[in-house]
Amino acid sequence: MAEGNWTRVSEFILVSFSSLPTEIQSLLFLTFLVIYLVTLLGNSLIILVTLADPTLHSPMYFFLRNLSFLEIGFNLVIVPKMLGTLIAQDTTISFLGCATQMYFLFFFGVSECFLLATMAYDRYVAICSPLHYPVIMNPRTRAKLAAVSWFPGIPMATVQTTWLFSFPFCGINKVNHFFCDSPPVLSLVCADTALFEIYAIIGTILVVMIPCLLILCSYTRITAAILKIPSAKGKHKAFSTCSSHLLVVSLFYVSSSLTYFRPKSNNSPESKKVLSLSYTVITPMLNPIIYSLRNNEVKNALGRTFHKAMGVRNCFL
């Protein structure tokens, strides 16, 4: 297309769930609003409790606190705008707003991949080298591991977002999604995007596969260590410390892999929206529930914090 025929796009329209009847959209709004509030409350509680309770100052809960920060950020980037499109039919998003949303989507998504790998390494050290665990995972080391987990999201998000939004758009500005994801925005570009697509595919594979391999290596060694434990009670206790993390990893990787690695012929826009909901909306809500319901230390700490809060409240009454 000649350059003179390009139309400068100043805003995008998020198609979201506009094809559904108004009644269904209202029901979706209420459902996602409840999920959003539960997500914010659950992850905020995890952060507050792991900071307030001295028994939860171990490295495992330090990384769990980082995960909760990520989940809150992930939700703040996507869900408020989605709720607006459902209840107020505010489907427009500015060019800069779309780029900003995509940037933070990449940033939080990549950071979560590496943070989950770091949490797997933490479990490996705790189970395979329990006597040296406090020395190996000292405050300085875990701060470095957290920084290493957060950092890869910055260059990935910067390069991919800047490159994509430097392309010309051809006037068609309807993004067939409920947020500014790379594939639906890329389909609006009127230029040769072959090199960008190669970069995006390679980048996605590396971001997914490197942490996935690290997690696999950690749990291979963890499994070997657990099998050597003589008592069934000891095996169960060791496995229980990993089960919550394994479940979170499975939810995140299965849903995101189905979204970005399915063949295009099998990937309709509607099915992709449903899959995207699983890792952008549902999984962030489930993570604090999984860690609180399956972890006695967290449940006990929540109880102690609640009783302390009630005691302080009664003092003022």
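Start at 1 and count along the chain as shown; that gives each residue its number.
For all residues, glycine too, the Cβ spot is worked out from N, Cα and C.
As recorded in TrEMBL, the features of this protein are as follows:
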type	residues	note
DOMAIN	42-291	domain 'G-protein coupled receptors family 1 profile'
TRANSMEM	27-51	transmembrane segment
TRANSMEM	63-83	transmembrane segment
TRANSMEM	103-124	transmembrane segment
TRANSMEM	145-165	transmembrane segment
TRANSMEM	198-217	transmembrane segment
TRANSMEM	238-254	transmembrane segment
TRANSMEM	274-293	transmembrane segment
* Which of 27-51, 63-83, 103-124, 145-165, 198-217 shares the most C-beta pairs under 8 angstroms with the transmembrane segment (274-293)? -> 27-51
* Structure fact -> One stretch in 27-51, 63-83, 103-124, 145-165 has more Cβ pairs under 8 Å to the transmembrane segment (238-254) than the rest, namely 103-124
* Asked: Going along the chain, which residues at least six beyond the ends of the transmembrane segment (63-83) come within the CB cut-off of under 8 Å?
  -> 14, 16, 29, 32-33, 36, 39-40, 43-44, 46-47, 50-51, 93, 101, 104-105, 108-109, 111-112, 115-116, 118-119, 122, 142, 145-146, 149-150, 178-179, 248, 280-281, 283-284, 287-288, 291
* Asked: Near the transmembrane segment (103-124), which residues from the same chain, at least 6 beyond its ends, have a CB less than 8 A from one of its CBs?
  -> 59-60, 63-64, 66-67, 70-71, 73-74, 77-78, 137, 142, 145-146, 148-150, 152-154, 156-158, 160-161, 179-182, 207-208, 210-212, 214-215, 218-219, 221-222, 241-242, 245, 248-249, 252, 256
